[in-house]
């Protein structure tokens with residue numbers, strides 16, 4: 001008889017039917033965006049001009065390249081870290097240890113790529129392999145999620161995530177049953193959260209920049225801005241890697257298809273959409289407009305609270321989640337170098353708005369449970385959630 005699992009969390013994402021739909025919709029969206037970015041009309045809405053055949057999706061070289069990339073990032077993860085941090089206390093009162101060496105992995109990856117390019121590595125050929133690479137990344141996410149689901153069957157109850165043990169296999173496969181799946185000290189969720197996808201994203205951006213230089217003699221100012229903004233974002237995330245240990249992804253969500261696909265497939269192949277668009281649809285950008293966009297991107301540095309007290313002054317006295325407002329301003333700055341003639345490069349802004357509204361609703365529930373009446377009073381004094389006077 002299976003051990004009792006206690007009260008189950010309410011189902012999200014529309015339950016099993018919603019989870020099944022998302023497991024089809026999310027990969028389809030990735031491929032739609034990849035095809036739309038390289039098409040002439042570059043339409044966000046509507047079917048692509050043509051559908052790729054299996055030969056365009058399956059490429060043994062892409063599989064080898066993808067496995068080599070995962071192997072490289074695994075090896076860099078296992079290198080000695082400048083610091084080892086402890087996570088939050090778990091149900092069994094233990095605290096897991098995590099290597100803080102993500103920025104080190106980024107720097108070493110950059111050095112290896114630089115050495116490879118100096119030796120003749122054709123980085124500009126990578127954009128032509130995005131479709132098959134996304135295909136093998138998606139296959140990896142499904143296979144990896146099955147492994148995680150089966151591994152969770154023998155995990156102790158104390159290791160399960162609050163929301164991943166509904167008893168429905170489709171929903172639990174999607175959301176993830178185990179909170180911190182590990183083999184020895186290798187933490188799968190922590191590794192995937194910031195390593196292969198985030199570093200892969202800036203590598204794809206760089207390859208698109210190199211390809212544009214090959215086609216047009218030099219990269220455009222718009223391409224430089226997109227690469228610079230997004231490299232700064234990734235570098236900052238990896239430099240402050242320890243901060244991820246307090247996020248909902250690590251402390252609350254199980255590791256299943258939702259996070260696995262998001263980390264290794266969705267992030268590198270959709271977050272690079274602006275650079276993909278600029279390669280196939282170059283946009284003129286003058287220095288005055290570039291300066292304004294840089295200023296908008298700088299507005300993203302809104303201060304956040306690190307303590308446990310509820311702040312009712314400054315930004316936190318205007319909206320309850322000013323860090324989310326900063327994320328949206330940043331997303332706008334990433335899209336503006338692509339001009340305003342197409343909706344496609346603004347997909348990230350639209351998607352991120354929906355994501356943050358959903359995440360904010362989850363945060364609200366968590367904060368109400370944690371702070372009780374104090375949170376209700378805070379909501380009364382600060383009625384706006386993300387955007388002052390709007391939402």
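Glycine too: its Cβ is placed from the backbone N, Cα and C atoms.
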Of 19-40, 129-150, the range TrEMBL tags as transmembrane segment is 129-150
According to TrEMBL, transmembrane segment applies to one of these ranges: 234-253, 254-273, 274-293. Which one is it? 254-273
Among 304-330, 331-357, TrEMBL marks as transmembrane the stretch 331-357
